[in-house]
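Copied over from TrEMBL:
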- GLU486: active site, proton donor (ACT_SITE)
- TRP355, ASP356, LYS598, GLN599: substrate binding site (BINDING)
- 14-263: domain 'Glycoside hydrolase family 65 N-terminal' (DOMAIN)
- 320-685: domain 'Glycoside hydrolase family 65 central catalytic' (DOMAIN)
- 695-755: domain 'Glycoside hydrolase family 65 C-terminal' (DOMAIN)
Amino acid sequence: MKNYIIHDPWCIIEDRFRPEHNEFSESIFSIGNGRMGQRANFEEYYSGKTMQGSYLAGVYYPDKTRVGWWKNGYPEYFAKVINAVQWIGIDIEIDGEKLDLATCDIRRFERRLDMKGGVLYRTVVATMPNGRTIQVETKRMYHLFQSDTASLQYSLQVLDADAAVSVTSYLDGDVMNRDSNYDERFWEPIAEDIENDLVVVSETKKTKFRVEARLRHVCRIGGTEQSAGNKTKRRLYTGESWTMAVKAGEPICIEKYVAIVSSMNHPLDKLAEVAMDSLRKITSKDYSRLMAMQAAAWARVWAESDIQIEGDVAAQQAIRFNIFQLNQTYTGEDARLNIGPKGFTGEKYGGVTYWDTEAYCLPFYLATQDPHVARNLLLYRYQHLEKAIDNAAKLGFTDGAALYPMVTINGEECHNEWEITFEEIHRNGAIAYAIYNYVRYTDDQEYLMSHGLEVLIGISRFWAQRVNWSAHKQQYVMLGVTGPNEYENNVNNNWYTNRIAQWCLRYTLAVLEQERTKRDDRLTALLVKVKFKDEERKRWQHIIDNLYFPEDRERGIFLQQDGFLDKELVPVSDLPPSVRPLNQHWSWDRILRSCYIKQADVLQGLYFFEEEFDEETIRRNYDFYEPLTVHESSLSPCVHAIIAAKLAKEEKAYAFYLRTARLDLDDYNNDTEDGLHITSMAGTWLAIVEGFAGMRVRGGKLHFQTFIPKNWLSYAFHVQYRGVKLHIRVRQDGFEIKNLSDCEISIIFNGEPISVSPERKS
Ligand code: BGC
């Protein structure tokens with residue numbers, strides 16, 4: 001764990017340079033705008049520990065798979081959202097020596113991420129080996145108001161003496177991925193231009209994404225703009241240098257404005273024009289105007305998604321950090337994009353889509369954005385249905401059965417560990433559940449007919465083929481799976497997977513029936529299209545009625561899988577801290593045999609299908625499984641926080657909240673240097689809204705069942721629901737509900753039905 005981020009309600013601050021943790025800080029201070037983003041790398045050259053990372057949403061490379069032993073069915077490649085053109089670079093030389101903070105004596109250092117205004121600031125005072133003391137102040141933005149552009153302001157002073165300074169501002173497209181499987185470079189040069197703007201045009205190998213980066217910059221000394229400097233270009237690089245004599249304390253200011261556009265969004269022959277136009281729009285304004293526009297764009301986001309917590313600044317900072325990062329990663333404008341577990345903050349997980357999106361992120365976007373944002377997340381999977389059917393066919397499934405990939409960017413499977421690729425099939429269920437969740441929340445029945453049902457049929461067909469009839473049990477069983485708890489592989493009858501499969505078959509049949517009664521011609525057309533046979537209905541019903549679920553009647557619990565009780569059941573609290581996290585200390589063999597659970601598994605099912613179980617059943621299962629859970633997936637604490645809140649285990653719920661909320665800020669799992677856990681950040685939001693405020697949708701109505709942690713004075717949030725926007729504030733001694741829309745809404749609040757008129761107070 002680390003504990004050095006200074007607590008502040010709106011800012012993330014570090015006030016000292018810790019070179020050994022620089023990669024951690026680079027992750028924490030990452031910024032982006034949904035279209036692109038970047039780790040908080042320094043502008044100037046840095047020879048210390050750093051991971052360079054600038055990413056463009058959807059621009060990926062299929063990196064050839066690397067595995068020890070090939071297994072039939074493995075994908076040929078792992079698609080990665082790759083490190084892209086680096087536009088921030090500014091090399092500085094003072095009295096003939098290159099500025100490199102790794103070699104300096106750092107006198108003062110501060111990084112500050114202003115989440116309200118969407119600006120990253122840095123201040124450094126440092127003495128170089130040649131004795132020169134410099135001060136650097138920077139501001140950097142990925143513009144939310146114009147997402148193909150970004151800008152920075154870099155100000156440098158030599159404090160102690162007059163000096164000869166040389167500054168080179170550049171674009172560098174010759175970048176690599178640290179995790180490249182074969183140390184391959186993914187970019188090829190197309191053109192470099194230094195005539196007017198600095199331009200680098202490059203293209204990804206194989207996928208042929210063409211990217212044009214166009215940079216305009218100015219260099220001023222004490223307010224006077226320097227005339228053109230010395231321009232250079234080479235393969236994938238363009239730069240301009242100025243050499244000048246400055247007086248002690250005289251500020252040199254460099255402003256850099258960049259437009260980065262790609263063939264993903266524009267025709268090849270229009271790239272230059274679009275980049276020029278985008279650049280013109282931002283360079284026609286001065287920097288303070290751009291900052292005001294950025295603040296206004298972020299103000300609109302905060303107006304919908306902020307959560308205010310009074311009385312606990314650590315919790316306040318943390319929830320805002322999570323919300324900020326989610327909004328930086330995905331804005332919902334483009335159904336080809338999705339939410340990578342690391343967003344734009346690192347390479348791990350390749351920047352592509354996991355079940356995390358459907359299981360964890362969807363509710364956040366549903367409640368805080370216009371419904372088209374969540375719909376686009378569903379459409380992403382709809383567009384991949386054909387590929388999911390091909391993917392299942394590769395594994396031997398037939399007749400339109402669809403298995404969505406564990407990891408994907410374009411619909412094809414990228415993951416290559418058999419126990420996950422072939423066995424962690426519960427992900428298919430989460431995609432069906434997201435359709436249900438979306439329709440339940442928005443009442444967009446139309447989506448079911450136009451897109452959802454087709455996906456549900458494909459997924460149901462998969463489940464119907466994946467189970468087999470056990471003559472011994474005289475029931476259907478599901479063998480050889482990995483549940484959400486990846487610390488168990490190749491198990492039989494994972495309760496959660498069986499449950500979500502059964503639910504999915506039942507829901508698909510219910511939707512088929514519902515649509516049949518509407519006599520919509522589109523249903524007939526769809527059933528013809530997917531070659532649906534009536535026997536399928538019967539078989540599905542038979543599976544629903546005869547699926548086996550492992551349970552222990554004596555303890556009154558569901559068993560995570562067959563044989564779970566044969567394990568030696570020693571609670572996590574008995575483990576010495578020196579062996580945690582287990583995945584960094586124990587052999588895989590030992591982990592697999594142990595009783596320790598990586599993340600919610602049975603409890604994930606009880607969370608999704610809460611209404612099907614009475615509270616005592618949920619309590620018994622929670623009391624059995626929680627003490628065995630190590631939460632070594634970032635996705636785990638939030639589900640536990642929600643269930644603990646429901647069971648009125650308030651201290652536990654709060655502890656889980658803090659763990660999920662400050663997971664990255666305090667580096668709980670010791671892995672934030674790889675990038676932030678973006679998808680679990682939605683879980684933090686869930687922990688407050690579904691956990692503490694107990695929000696649910698039941699029977700088409702919003703329900704709340706609230707509690708407030710002891711040390712909070714109040715918390716408040718907005719939710720959008722079917723055209724109504726509510727602002728809810730929970731205090732220690734009561735609550736307020738405001739209806740910020742035009743129409744009345746009936747809700748159930750702490751068990752009482754209430755009708756909330758526009759702007760009414762309770
Ligand atoms: C978790 C998975 C998750 C993945 C990406 C893994 O550690 O076990 O459930 O999908 O991370 O976040």
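The count begins at 1 with the first shown residue.
Keep in mind that glycine also has a Cβ here, set from the backbone N, Cα and C atoms.
Bear in mind that TrEMBL entries carry predicted annotations, made automatically and left uncurated.
Values in this document were obtained by computation on a predicted structure and should not be read as measured data.
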- Query: If you draw a 10 Å sphere on the Cβ of GLN599 (substrate binding site), how many other Cβ atoms land inside?
  - Reply: 24
- Residue counts (helix, strand, coil, in that order) that DSSP gives for the domain 'Glycoside hydrolase family 65 C-terminal' (695-755): 0 helix, 38 strand, 23 coil
- Out of the recorded positions ASP356, GLU486, the residue with the smallest number of other Cβ atoms within 10 Å is GLU486
- Message: What whole-number Å value do you get for the CA-CA distance of TRP355 (substrate binding site) and GLU486 (active site, proton donor)?
- Response: 14
- Which three-state DSSP class does ASP356 (substrate binding site) fall into? helix
- Task: Tally every other Cβ atom lying within 10 Å of the Cβ atom of LYS598 (substrate binding site).
- Result: 22
- Task: Take the C-alpha atoms of LYS598 (substrate binding site) and the residue listed as 'active site, proton donor' and report the distance between them in angstrom, rounded.
- Result: 6
- Query: When the pLDDT values for the domain 'Glycoside hydrolase family 65 N-terminal' (14-263) are averaged, what is the result?
  - Reply: 97
- Item | Rounded to the nearest Å - Cα separation of GLN599 (substrate binding site) and the residue listed as 'active site, proton donor' | 8
- How long is the line from the C-alpha of ASP356 (substrate binding site) to the C-alpha of GLU486 (active site, proton donor), rounded to the nearest angstrom? 14
- Query: Hey, what's the Cβ neighbour count for TRP355 (substrate binding site) at 10 Å?
  - Reply: 23
- Message: Let me make sure I understand the span of the substrate site: among TRP355, ASP356, LYS598, GLN599, what is the greatest distance between any two Cα atoms, in Å?
- Response: 16
